[in-house]
Amino acid sequence: MADRLAIFIKQCGLQRCVILTGAGCSTESGVPDYRGPNGLYRRPNFVPLTRQVFLSGSEHRKRYWARSMFGYNTVSGASCNDTHMGLYELYRAGVVNRLLTQNVDGLHHLAAHGGTGSKTVEAYAKYTSSNSGVLELHGNIHQVCCMQCGDVSPRRRLQQRLCEANYQLCRDYEAEFSEVRPDGDYEVPDRVVQAMQLVCCEHCGGLLKPHVVLFGENVPKECVREAYTAVRAASCLICLGTSLQVFSALRFVLAARESGVPIAIVTAGRTRADGLEELKVDTNSTAATMRGVVKQLLGFELGGTK
C-alpha cells in the first residue's frame with residue numbers, strides 16, 4: 001500500500017504535495033475518531049453542539065464545559081504517531097508544501113517539536129504553533145477564546161481554573177476513555193451539569209468558548225482562502241484518514257479536481273469523494289502507510305537514524 005502512494009508522489013514530482021488530514025490520523029495516538037467502528041457518530045445519544053445552542057443559555061454552556069472538563073485530559077498530553085511524524089519529515093524534506101487538517105488535537109504542530117506529549121501548561125505552544133506548514137481548518141482544542149474581547153488563552157490554564165472551581169465534582173467523577181469524543185468532549189450525568197460552576201475570561205469577564213469551529217459555524221474566510229490557494233498550486237492532494245463527509249473538507253477535493261490536481265485518498269472504507277481520485281489506498285493504519293512512504297522516499301526508518 002505504501003508502495004503505491006510513494007510511486008504516486010514520485011510521479012507528481014516529489015514536491016508541492018498538499019495533505020488533507022482527518023480524525024483517522026490520530027486514532028493511533030489514542031484520540032477517538034468520528035466515523036470508525038467505535039466512532040462518535042455511531043453512538044445513539046450523540047447530539048452535535050452548535051454555536052446557536054452554546055449561546056442560547058448558561059445550562060448549555062455548563063453542559064459543554066462539564067463534559068470538556070472531564071474529557072480534556074484524554075486529548076491533552078497525547079503524543080504523535082508515525083502519521084504525524086512522517087508528514088513532518090516529508091515537509092522538512094520539501095516533499096510536502098502545506099498540511100491542511102480537520103483535526104483539532106494539535107498533533108501536527110507537536111510533530112515539529114519532537115512528537116512527545118505533555119499535560120503541562122508549558123507544553124501549550126507545542127500543540128498550537130510550529131513552522132511546518134500546518135493550517136487548522138477547524139481550530140485547536142488546546143486554545144480557548146473570549147467571545148467578548150477576543151483573547152486567546154491556553155486550554156490547560158482553563159482546566160486548572162475549572163478544576164479549582166469544581167473541586168468536589170473532579171473528585172467524584174472520572175472520565176472513561178470509551179466515552180471521550182475526538183474534541184475532548186465526554187458524556188456526563190445531568191446532576192454534574194447542574195452542579196457545574198463556570199469561569200469567565202480573566203481579562204474582561206466575558207464568555208469563554210473553545211477555539212474550534214462548532215457545528216454550524218463557518219471556517220474563517222482567510223483560512224479557506226489560504227487552503228484553496230495551496231490546493232490549486234499543488235502537484236497533488238493527498239487525503240489521509242478522512243471520509244470527507246463534511247463539505248468544509250470536501251470542497252478542497254473538488255477544487256483540486258477542477259484545477260487538474262491529482263488526488264490520492266488514503267483511509268479506511270468509503271469516502272464522499274470516491275470516484276474523484278487517481279489513487280485509493282484502503283488502510284486501517286495511516287501510520288503504517290507513512291512509515292513505508294518515508295522509508296521509500298527519504299531512505300530512513302521513522303524513529304531511526306537519518
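Including glycine, each Cβ sits where the backbone N, Cα and C put it.
Going by Swiss-Prot, these are the annotated features:
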type	residues	note
ACT_SITE	His138	active site, proton acceptor
BINDING	22-42, 102-105, 241-243, Ala287	NAD(+) binding site
BINDING	Cys146, Cys149, Cys201, Cys204	Zn(2+) binding site
DOMAIN	1-301	domain 'Deacetylase sirtuin-type'
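Other residues of the same chain near the Zn(2+) site, with their Cβ within 8 Å of the Cβ centroid of Cys146, Cys149, Cys201, Cys204, are Met147, Gln148, Gly150, Asp151, Cys200, Glu202, His203, Gly205, Gly206. Set side by side, the binding-site residues Cys149, Cys201, Cys204 differ in how many other CB atoms lie within 10 angstroms of their CB, and the most is found at Cys201. Put plainly, the recorded positions Gly22, Gly30, His138, Cys146 were compared by Cβ crowding within 10 Å, and the winner is Gly22. Between Ser26 (NAD(+) binding site) and Cys204 (Zn(2+) binding site), the C-alpha separation comes to 35 Å. A straight line from the CA of Cys146 (Zn(2+) binding site) to the CA of the residue listed as 'active site, proton acceptor' spans 17 Å.
Each of the binding-site residues Ser26, Ala287 was scored by the number of other CB atoms within 10 Å of its CB, and the largest score is that of Ser26.
Of all the recorded positions listed here (Gly30, His138, Ala287), His138 has the Cα closest to the Cα of Cys149 (Zn(2+) binding site).
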